[in-house]
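Peer 1: Below is the structure I would like to discuss, written out as structure tokens.
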Amino acid sequence: MAIPKVGINGFGRIGRIVLRNALVAKTIQVVAINDPFIDLEYMAYMFKYDSTHGRFDGSVEIKDGKLVIDGNAIDVHNERDPADIKWSTSGADYVIESTGVFTTQETASAHLKGGAKRVIISAPSKDAPMYVVGVNEEKFNPSEKVISNASCTTNCLAPLAKVINDTFGIEEGLMTTVHATTATQKTVDGPSKKDWRGGRGASANIIPSSTGAAKAVGKVIPALNGKLTGMAFRVPTPDVSVVDLTVKLAKPTNYEDIKAAIKAASEGPMKGVLGYTEDAVVSTDFCGDNHSSIFDASAGIQLSPQFVKLVSWYDNEWGYSRRVVDLVAYTAAKDN
């Protein structure tokens, strides 16, 4: 089967890390990038140098108005309106929508006008079908032209929640994500009309925040709809986050059996998506980790046979971007 050709709209954190992952995974080929705010020279610079993931280990050049990475020429567009991007001229059948702006079916479907067959939104969506690789991708229907890869936190939480619910049953639960800083935050205190706390300086504060990640699990795993909710604490670290899932179980059990169930899933049906460790790890140990979720067996605690706190790490940039690549490749295979 031919490798699917892909366009990326929005060359920010996720757009750039998706490209790095695509070059490593080799399951998709990026043939075009659109960003109205980044010219070609700056695009090459931003891709080559990364404060979190390090310098790109390969060649980055500009030739004939194209971005050339390791000999692969990528067309560059600078359109503001997705409907104006000529994806077809580059042969891009699939578009990764990573601006964070066009997150509904209506707005993201504008890419279809330029020749794309399908749009994969790298963010949660209010109305597009959401898929978490390793959890519910088998429900994908090729007739769906706009889909969402959900959020990085949902991608961490859903595999863990699925294993626990399938094995022991979840009656209800609360999630907290201790989340690394992202681009929407402020370097120093600044205006943030909708979220006053979110306007405070990212490097100086632990900032309580809202997140729809836990509720979104109910869309991905219908059996958990209405059973989970959660919140976030934004912390002054550049990357890698951690989920704390505290649940009331339907079936009494012990922590060793919980560990065994998660370990079995990590070595079986969820291999590559769900990881497992018993080491004394900290956040930087997971920078660049491909997994969506890495269960920290030695960090969890159990209060009673039906009440337990589980801890799972995730690289909210790298691991999430790898799943975006995986979802594109999966849907493309279903088209053939």
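Quick reminder: no glycine exception, Cβ is built from N, Cα and C everywhere.
Worth saying up front: this structure is predicted, and the values here are computed from it rather than measured.
Not my notes, these are from Swiss-Prot:
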| type | residues | note |
| --- | --- | --- |
| BINDING | Arg13, Ile14, Asp35, Arg80, Asn316 | NAD(+) binding site |
| MOD_RES | Ser59 | phosphoserine |
| MOD_RES | Ser125 | phosphoserine |
| BINDING | Ser151, Cys152, Thr153, Thr182, Thr211, Gly212, Arg234 | D-glyceraldehyde 3-phosphate binding site |
| ACT_SITE | Cys152 | active site, nucleophile |
| SITE | His179 | site 'Activates thiol group during catalysis' |
Peer 1: Around the D-glyceraldehyde 3-phosphate site (Ser151, Cys152, Thr153, Thr182, Thr211, Gly212, Arg234), what further same-chain residues have their C-beta within 8 angstroms of the site's C-beta centre?
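Peer 2: After dropping the recorded site residues, what remains is Thr177, His179, Ala213, Ala232, Ser241, Asn316.
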Peer 1: Among the recorded positions listed here (Arg13, Arg80, His179, Arg234), identify the one with the smallest other-Cβ count within 10 Å.
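Peer 2: Among the recorded positions Arg13, Arg80, His179, Arg234, the lowest count of other Cβ atoms within 10 Å belongs to Arg80.
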Peer 1: Count the other Cβ atoms sitting within 10 Å of the Cβ of Thr211 (D-glyceraldehyde 3-phosphate binding site), across every protein chain shown.
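Peer 2: There are 22 of them.
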Peer 1: Counting other Cβ atoms within 10 Å of each Cβ, which of the recorded positions Ile14, Ser125, Thr153, Thr182, Asn316 scores lowest?
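Peer 2: Relative to the other recorded positions in Ile14, Ser125, Thr153, Thr182, Asn316, Thr182 has the fewest Cβ atoms within 10 Å.
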Peer 1: Just checking a number: largest C-alpha distance across Arg13, Ile14, Asp35, Arg80, Asn316 for the NAD(+) site, rounded to a whole Å.
Peer 2: 27
Peer 1: Any idea what DSSP makes of Ser59 (phosphoserine), helix, strand or coil?
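Peer 2: The residue in question, Ser59 (phosphoserine), is coil (DSSP, three-state).
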Peer 1: Near Cys152 (D-glyceraldehyde 3-phosphate binding site), which of the recorded positions Asp35, Ser59, Ser125, Asn316 can be found within 10 Å, Cα to Cα?
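Peer 2: Those near Cys152 (D-glyceraldehyde 3-phosphate binding site) - Cα within 10 Å - are Asn316, in sequence order.
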